[in-house]
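TrEMBL lists A:141-440 with the feature domain 'Aminoacyl-transfer RNA synthetases class-II family profile'. The L-aspartate binding site annotation in TrEMBL covers A:GLU174, A:ARG217, A:THR366, A:ARG370. Feature annotation from TrEMBL assigns region 'Aspartate' to A:196-199. Positions annotated as ATP binding site by TrEMBL: A:ARG217, A:ALA218, A:GLU219, A:ARG225, A:HIS226, A:LEU227, A:GLU363, A:GLY411, A:MET412, A:GLU413, A:ARG414.
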There are 2 protein chains.
Amino acid sequence: MNWINGETPEGFLEAKTLGEHLGEIVKIRGSVHKIRRMTGFAFVLIRQRKGIVQGILSPEYTPFPLEELEEELCGNFTVEVVPEERSKTGFDLRILAVEILSRPKALSPVVLNQKNLDVNLETALNYRPLTLRHEKERAVFKIQAEMTRSFREFFHQEGFTEIHTPKIVYAGAEGGANIFALPYFGKEAFLAQSPQFYKQMMVGVFERVFEIGPVFRAEKHDTSRHLNEYTSVDLEMGYIASFQEIMEVETRMMRHLMAHLEENAQEELRLLGVTLPSVEAIPALKFSEAKALLWGEEAGAEFSPDLEPEEEKRLCALIYEEIGSEFVFVTHYPTTKRPFYAMEDPQNPEETLSFDLLFRGVEITTGGQRIHEYGEQVAKMNRRGMTMEDFESYLMIHKHGMPPHGGLGLGMERLTSRLLQQDNVRRATLFPRDTQRLIP
Amino acid sequence: MNWINGETPEGFLEAKTLGEHLGEIVKIRGSVHKIRRMTGFAFVLIRQRKGIVQGILSPEYTPFPLEELEEELCGNFTVEVVPEERSKTGFDLRILAVEILSRPKALSPVVLNQKNLDVNLETALNYRPLTLRHEKERAVFKIQAEMTRSFREFFHQEGFTEIHTPKIVYAGAEGGANIFALPYFGKEAFLAQSPQFYKQMMVGVFERVFEIGPVFRAEKHDTSRHLNEYTSVDLEMGYIASFQEIMEVETRMMRHLMAHLEENAQEELRLLGVTLPSVEAIPALKFSEAKALLWGEEAGAEFSPDLEPEEEKRLCALIYEEIGSEFVFVTHYPTTKRPFYAMEDPQNPEETLSFDLLFRGVEITTGGQRIHEYGEQVAKMNRRGMTMEDFESYLMIHKHGMPPHGGLGLGMERLTSRLLQQDNVRRATLFPRDTQRLIP
C-alpha cells in the first residue's frame, strides 16, 4: 500500500514570475515555440501555458546540442536568470540543461510561431487541436474562460444557485423543427434547445437559479452567427416586480464582466487589440420603436414580426451613432414570434414582456417574463393548439404556486465573438458544430 | 426610449438577517409553507430561498383575513420584527400586510411541509418540480451547487483553465455499445461519453484544463448507481512526472471540498445530518493487491479483470475498518479493461498507469496517465484493430508534440450521493435520466 498525501509537485516557474528570481537557477517547462539560430548560439522560445519566454542555448553554458531541439518538442529546462539591462525583460535566460519529455513526429501543417495564424477559417478549424496552440487563438478562450468565471462570480453575489438540468429531454422548449431527435430506449427523445422548463421549475425551489451549459439547435442556417451546439448562460429569477428587473440584472452582469476582464484578462485583450465597451446605462426601445427608427413611422404595418440580422446591425449602428452605446435592449416583441410561456403585456396582448439584448450588431440575449398563473398558461396553450398532456410536469409549477418570474439566455460564443470583433462566431467556439462540421 | 441603469431592486430581507432589524418594519417574500391555526390568531410559516420564517397573523396587527392565505401561495409580507425573549429566534414577526402575488390552483399531491418528504423514490421523482421544494430535498442541491463551486475555485487556484467541449461528437471516447447515436444533417453522430479527446487536445494549449458538464452513457443497467446522463467533473494536466501526481491533485481537491462545505453549506449538512469524511492521506493499493485483500493471495488467476460493485463495497469496508479512511485509490487496472489511450506500466504492460477513487463503497472517479507518444498510441490502436482514419484529428496532438499528461473524471451525482449517504444516485440528481425515466 502507498499513501497519497496531496503533495504539491516541484515548482516550475512561469514566464511572468521569472523576474523575481534574478541570479537564481530555476526550472521552467514548455514547448519549443521557435528556434532562432545566431552565430555560435541560438535563441530558443519556450511556450508555456501563459506567455512565451526566450532562452539562450549556447555551448558556453551547456553541452546540450542545438540539433537535439525542434519546434513543438516538450521539455523541462534548467535555466539561470541573469540580469541583463539590454533585455526587455531585464534578464537573460541561460539554458543550462534540457530534459526532453516528448518529440513531435512531423512538422506542423500550420505555422504556429508567427505573429498571426495566417490560414483561412476552414483550415484553422480543421487543424483546431494545433491552431489553438497559437498565442492569439488561445487568448480567445482564455478570455472566454474568464467571462464564464465572471458570470458565476456575479451570480453568486446576487444570490443565484447553480443547477444542472438534463440535456436529453422529452419535449423542446422552443418547439418547431429546430430540434435534434434521438432514439432513447425504445422512445423518442430530444436534445434540449434550452434549460427553459427546468430553470422555471427551479425558481419554485431556489428563487434564483443559473446554468451555464450546452444547448442544441438543429437549425439549417449556415451563417457566421449560427452554431448547432453552443454554450448558453441561462438565468431565471422569481419575485420580479416587472420584466425590467431582468434587464437591470443583465446590465449589472455586463458591467461586472467588463470590470472582471479588465482585471483578469488584460494581457490577452492587449494581444488581440480589443477595446472593451463601456456599460453605463443601456438604452431600451420597444420593438415597434426600433422598426420605426429603421423604416420610418409610416411603414409600420408591413414589418416582419421579428428583427432580421441586417436590421439588428443597422439598429446597433444607429444607436451607437446617436447615443454612443454599443448595447441596446429591444423590448415588447410581437406575441406571435415568442414562445407559449412568454407573458403578454396586459396593456396590449399582441406584445410580450420580453426583450433581446443586441451588442455590436448581433442579438446576444433573449429574455422576458414568463406566465406564472395556471389558468393563463393553459388558455394560451389551448389557443396555440398544444397538447396539455405533453407538458404535465411543466404545468405542475403553475398549478401549485409560482411567483412572478422571468429570465434570460445568453449565447456565450456570440458574446465572445462580438467582444473580440471577430467575423464569425466559430472563431469563438473551441470545436464548432455546424451543418457541415462534426470533426474535430 | 427607456434607460436601464442596472439598479438593484427594493430590499427584501432573508430569514437569517431578520435578527438585525429588531423593532423595525421590513419586507420579506416567499411561499406560505404552513399555516398553524391557534385561538384568535395563526402562525404562518413562510418559505424563502434559504430557510423558513414564522410570522404571526392576528386581527390585532392586520385586517388581512386568514382565510385569504393558503399553502404554496406566493406573496410579499410587510412585517414588524418585535423582540421576544421566549422565541428561539429572539423575535416575533408580526404580519402587518400581505400582497398576494399568486395562488396555487390545486392542493399539492405531496406533503411539502412535514419534517421528511414521506414518499417513495418513484413518487419523489415523478413530482420532482414540487418535491424539490421540500427543505431537505433542496438542501441536497444546495450542497451540490457548493461542491461545484468548490471544485472550480480549486481548479482556478491550481492553474486550470475552463473549457467547453462539444457534446455532439463523431466518435465515442469509451467505445463500445454504451453510446447514444443520433442523426445529424445526413450523418450519424453520437453523444459524448466524456470530454476525453478534447480535454487531451487542450492540454497542448493550456497545460491544465477542466470542464464540468453533462456526459451521456447508453447503459442498460438500471441500478442505484447508474444514470444515463450525469455531470462529469473532468480535469486533464500536462507535464506530469508520474500518474501519482493526478491522485495528489484529487486528494487536494477533496480536502478543499470538505473545507469549503464546512464553511459554506453548514446549515444544509446539519439539516441532513451529514458528517463529512476527513481527508488526510488516502491509501492507494494496486488492483492486484485489492483482489488479494478481498479473496486471499491464492485466488489470483481467476479474478474478473475489474472490480465488481460488491467488491468495491467490501474493499471500502475493509479499508475503513483497518485504517479508518473512507477513501481509497485502486491503481494499475488491467490493460484489457482500460481504453486505448491508457498508458501501460513500462514495468508490466498488462497493467495501466490508471486509478479509480472509491468512496464509501462506490467508485466515484476514474483516471490515469495517457499515451502521449504517437508511435506508441498508433501501435496500441493497431493491436486493438481500430481504424486510424476515424481518429485523425485526435492523433494530431500525438503527432505534433504532447507533454506527458493524464487526468480524471469524477461523477458529481455519485460523489454527492455518497457524501450524503443516500441509497440511490437518483436522489442526488435534479432530473434523473434512466432507461425508464425521461420525464420530468
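Each Cβ is built from the backbone N, Cα and C atoms, and glycine gets one as well.
TrEMBL annotations: computationally assigned, not manually curated.
Sequence features annotated in TrEMBL and their locations in the structure.
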residue	record	DSSP (3 states)
A:GLU174	L-aspartate binding site	coil
A:ARG217	L-aspartate binding site	coil
A:HIS226	ATP binding site	coil
A:GLU363	ATP binding site	strand
A:ARG370	L-aspartate binding site	strand
A:MET412	ATP binding site	helix
Pairwise CA distance, A:HIS226 (ATP binding site) versus A:THR366 (L-aspartate binding site), rounded so that it is a whole Å
15
ATP binding residues A:ARG217, A:ALA218, A:GLU219, A:ARG225, A:HIS226, A:LEU227, A:GLU363, A:GLY411, A:MET412, A:GLU413, A:ARG414: largest Cα-Cα distance, in Å and rounded to whole number
19
Here the Cα-Cα span from A:GLU219 (ATP binding site) to A:GLU174 (L-aspartate binding site), rounded to a whole number of angstrom, reaches 12
Using a 10 Å cut-off on Cβ-Cβ distances across all protein chains shown, tell me which of the binding-site residues (A:HIS226, A:ARG370) has the largest neighbour count.
A:ARG370
C-beta crowding around A:GLU363 (ATP binding site), within 10 angstroms
19
Using C-alpha positions only, work out which of the binding-site residues A:GLU174, A:THR366, A:ARG370 is nearest to A:MET412 (ATP binding site).
A:THR366
Span of A:GLU174, A:ARG217, A:THR366, A:ARG370 around L-aspartate - largest C-alpha separation, Å
22
When you measure from the Cβ of A:MET412 (ATP binding site), how many other Cβ atoms are you left with inside 10 Å?
22
Give me the CA-CA distance between A:ARG370 (L-aspartate binding site) and A:ARG414 (ATP binding site), in Å, as a whole number.
24
If I take the alpha carbons of A:THR366 (L-aspartate binding site) and A:ARG414 (ATP binding site), what is the distance between them in whole Å?
12
Compile a sequence-ordered list of residues in the same chain as A:ARG414 (ATP binding site), six or more apart from it, whose Cβ lies below 8 A from its Cβ; state 'none' when nothing qualifies.
A:ARG225, A:TYR230, A:VAL362, A:GLU363, A:ILE364, A:VAL425, A:ALA428
Per DSSP, what is the residue tally for the region 'Aspartate' (A:196-199) in helix, strand and coil?
4 helix, 0 strand, 0 coil
